[in-house]
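Annotated features, as they stand in Swiss-Prot:
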type	residues	note
MOD_RES	Lys80	N6-acetyllysine
MOD_RES	Lys228	N6-acetyllysine
MOD_RES	Lys234	N6-acetyllysine
ACT_SITE	Glu355	active site, proton donor
ACT_SITE	His386	active site
ACT_SITE	Lys514	active site
Amino acid sequence: MKNINPTQTAAWQALQKHFDEMKDVTIADLFAKDGDRFSKFSATFNDQMLVDYSKNRITEETLAKLQDLAKECDLAGAIKSMFSGEKINRTENRAVLHVALRNRSNTPILVDGKDVMPEVNAVLEKMKTFSEAIISGEWKGYTGKAITDVVNIGIGGSDLGPYMVTEALRPYKNHLNMHFVSNVDGTHISEVLKKVNPETTLFLVASKTFTTQETMTNAHSARDWFLKAAGDEKHVAKHFAALSTNAKAVGEFGIDTANMFEFWDWVGGRYSLWSAIGLSIVLSIGFDNFVELLSGAHAMDKHFSTTPAEKNLPVLLALIGIWYNNFFGAETEAILPYDQYMHRFAAYFQQGNMESNGKYVDRNGNVVDYQTGPIIWGEPGTNGQHAFYQLIHQGTKMVPCDFIAPAITHNPLSDHHQKLLSNFFAQTEALAFGKSREVVEQEYRDQGKDPATLDYVVPFKVFEGNRPTNSILLREITPFSLGALIALYEHKIFTQGVILNIFTFDQWGVELGKQLANRILPELKDDKEISSHDSSTNGLINRYKAWRG
């Protein structure tokens, strides 16, 4: 991968000039000038997904200049580097190969000259065998009863991805009850343990090193709770499995290493749901549906790695994001799924994007003088409409939005879905085109009211519009289409990281807080006053000690 400061490229300079021409052009102007705009600025993927990016403040010239930027930053070379197993995560000297985990073509992918696919397939086969034994009831707990509940204990990528996917694919789930514990706050594990029976519960401990503080604290509490009922430590092996690479620590915990599912250092945490970390997904929806999830992602991988930039969906979405973030000064992006099963999708890509591209140092080790990753947030529609859409419509911040919805619902109850989708379509239209003062006044006239007598309220009913959106319409949310959608966003994030010259696949920003927490923890063991920190931290610790009693 080349390390190119994007602001020093000819394309960036051209974009800056182009922005001066575009900054006052409205989306309404663009549609008025081109009645065929939708067909030019939308694309369908695999007859499963329609991406409409026509309601953006862009022209064909904008996209051409953004694609020039991608070329100058050697995006094509970076894509080849990732897919070929080059160690593009240079700060940790690791390859980045989540694409290998879903490589359904089985073409060899090499790391240090060794094809990783045989190992990937071996772990998948092991996950299949294990999950089938649990789901069928063949696997028995220590009292001879079948498993009814699965508790996934992990944090970050070991929790967010599996939780998001099992929720999104709830229509495909079997009889097993799924629970997820992540927070080191004892409330989280306590509340889950109240719901389950030690005789019929399987715990999955998801930690690559088997040393993650939050995960291992929760795992030991789960083990203690289990042994209060089971008594004999030998029973742990029937009720705990590990998603890890530390066989020694797994064995010491009491887990049979035959039930340890490994993954590799070329699997980043926030890209790990495709690996053994996805065992909870397999247990929830079955192995065949998990393979469909992998297949959908693989189809998007092929699209991303082989399609020219001008038709490449992850690249187009990435470039449009850079346009807003760096030229219009938009600091955030909202992800708004109009599907209640997708209620964790925005949270998942909040981590996916912000932990990947929330960096202020470039690949050369220099502090950047441009914007890198945006703030990602969002909630399902229509809930968000009654919460924060006010600011998106009439606030002073530009918030580019991705609206996501399925054409076919899993719950065809009365006319619910038509009402939901009418809101989905209406919101992007309202954001793009707004409502002028003239229209507001005419509405008053149509009601038999004199606008002049209502002058005081008219300005508050005006919508400027010109708020940009993408619309992603899925035929239906299935394991395949969800896999493709997740991969679409993953590759968008990668593309932005390449162009913005940052390392997308490390996360050093999480380390300092952990180091300081490890230093502070021993100081909380007694009641002595602390004076070893700044006055604020000392004051907080000392008040905590006084209040806890």
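Cβ from N, Cα, C; glycine included.
Positions of Swiss-Prot features highlighted on the structure.
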| residue | record | DSSP class |
| --- | --- | --- |
| Lys80 | N6-acetyllysine | helix |
| Lys228 | N6-acetyllysine | helix |
| Lys234 | N6-acetyllysine | helix |
| Glu355 | active site, proton donor | helix |
| His386 | active site | helix |
| Lys514 | active site | helix |
Specify the count of other C-beta atoms within 10 Å of the C-beta of Lys228 (N6-acetyllysine).
9
Out of the recorded positions Lys228, Lys234, Glu355, Lys514, give me the one sitting nearest to His386 (active site) by CA distance.
Glu355
Have a look at the modified residues Lys80, Lys228, Lys234 and say which one has the shortest Cα distance to Lys514 (active site).
Lys228
How many whole Å apart are the CA atoms of the residue listed as 'active site, proton donor' and Lys228 (N6-acetyllysine)?
39
Within 10 Å of the Cβ of Glu355 (active site, proton donor), how many other Cβ atoms are there?
23
Check each residue in the chain of Lys80 (N6-acetyllysine) that is at least six apart in sequence and keep those whose C-beta is under 8 Å from its C-beta; list them in sequence order.
Ser305
Please report how many Å separate the Cα atom of Lys228 (N6-acetyllysine) from that of Lys234 (N6-acetyllysine), as a whole number.
13
